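Listed in TrEMBL:
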type: TRANSMEM; residues: 32-52; note: transmembrane segment
type: DOMAIN; residues: 32-217; note: domain 'Membrane insertase YidC/Oxa/ALB C-terminal'
type: TRANSMEM; residues: 97-118; note: transmembrane segment
type: TRANSMEM; residues: 148-167; note: transmembrane segment
type: TRANSMEM; residues: 179-203; note: transmembrane segment
type: REGION; residues: 217-280; note: region 'Disordered'
type: COMPBIAS; residues: 225-239; note: compositional bias 'Basic and acidic residues'
type: COMPBIAS; residues: 254-268; note: compositional bias 'Low complexity'
type: COMPBIAS; residues: 269-280; note: compositional bias 'Basic residues'
Amino acid sequence: MRLLAITSPLRPLENALQDVLVWLHQTVGFSWAWSIIALTVIVRVLLVPITVRQIHSMQNLQAHAPEMKAIQQKWKHDKQRQNEELMKFYRENKINPAASCLPIVLQIPIFISLFYVLRQFDERVLPTYGGSVDWLGLVNITDPVKHGWGPLLLVIYVASQLSSSYFMSTTMQGAQRVLLMALPIVFVPFLISFPSGLMLYWLTTNLWTTGQGLVTRRLMPKPSPPEKRTSRAPAKDDPAPAASGGADGKEQPGRAVTAAGRRVAGPPRRVKRKRGGPRR
């Protein structure tokens, strides 16, 4: 009953994914493994508009990072006030911190649905459509990852997940970034029982994310660093009015100019005489 409660809301999505795989295999002529890769590309293309919003959100976060850090430092001893000020700052500047996670959240139902499609692939798909379920002669997309060359696929998956997490966590704080980078390694004991085709899907989406991160890093303008101020820097005063004594505007020696523009006699000028030669 619990399994049915989990899978029944996703049944339409499971059927849709299965229909796309069958179309790619029967009409386009892909093998089942390459159909999974093509399905991944289709999903990521459909998510491009949301990904663009994610990029804009990251740009907005980076541009306002100095102000956010200042708020955190100001209220570091009052977490409740800090959160209130940050939420107020988000509303005023139209910042949505959760927008960067939206593409990942939307892929979770697809991941779960594809898991059940591949788990029942031998019963629901292969008897009707046939075809090979091997990928490059290395893995069977319906077998668990721990069989055959599946562990190698798992290693490649972890490496791709780390690289994609690196590009997705550029605006996160240190602890959050470390947590996101460590999640792929923590999930390894659970992934060894997943179908290899599911790892193929996630490996492809990670490679897409990595390539997307490389492109957006070149296109995304870096936020300008805040101006550094030190106590030693003198204040900039208005330039003093030019003296009107000389023809070229230079102040005449021995005299000073007051704020009213009148000349005040200064100290007497000392003239150093040249010493003459020996007297004859």
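Indices start at 1 and increase along the chain as displayed.
Glycine is treated like the rest: Cβ placed from N, Cα and C.
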Among 32-52, 97-118, 179-203, stretch most in contact with the transmembrane segment (148-167) (C-beta, under 8 angstroms): 179-203
Chain residues in Cβ proximity to the transmembrane segment (179-203) (below 8 Å; excluding those fewer than six residues from its ends, i.e. six or more beyond): 32-33, 36-37, 39-40, 111, 114-115, 118-119, 121, 133, 135, 139-147, 150-151, 153-154, 156-158, 160-162, 165-166, 168-169, 172
